């Protein structure tokens, strides 16, 4: 008898796997200098946190996210095995749009306020800006409180408000993960669809992380 992964387990852990796999692709592409928004020397000299510290910080946040996801599936009654009743494509599209609006709106205003409030910026959000030259697997490097508030709670709200199933959440949170990694990759890849459809792309986010763009 084969082992079956539940949709809830996949919804919890697939976005984490996607994060590291997608980041790995960008790390490989970063070996081509013509794709980089900054040189490797700038990355080493300007960033004020080590990559090992970044990895530990990201793993901590992903652990918290996994625990919250498991609890959320339990509380909402989405902790069964594999869902069998498929939803219509229209329903899924609407849920995706609603979830995107909720998550983006939540993160925009929380992030903006953390830049406006000097105390929150100095003691919490500045952790993220220790990466003056962003790179892919540093996308989720935050102060633990910011990670909980911005990403974990924001993700939970988007899940609850949209009414998506645990199966749909696998794809939504994997997409959200790919987008945030892409924003922080520090590369400009020709033909990248995220650069076409989103103004808030890797170049925009790179500027935001620079010392002269840090308060924008």
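In case you wondered, yes, glycine gets a Cβ from its N, Cα and C as well.
Here is what TrEMBL records for this protein:
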type     : residues : note
DOMAIN   : 96-210   : domain 'Fatty acid hydroxylase'
TRANSMEM : 12-32    : transmembrane segment
TRANSMEM : 53-76    : transmembrane segment
TRANSMEM : 88-110   : transmembrane segment
*Count the residues of the domain 'Fatty acid hydroxylase' (96-210) that DSSP assigns to helix (H, G, I), to strand (E, B) and to coil, and report the three numbers in that order.*
86 helix, 1 strand, 28 coil
*asked:* On average, what pLDDT score does this prediction assign to the domain 'Fatty acid hydroxylase' (96-210)?
replied: 92
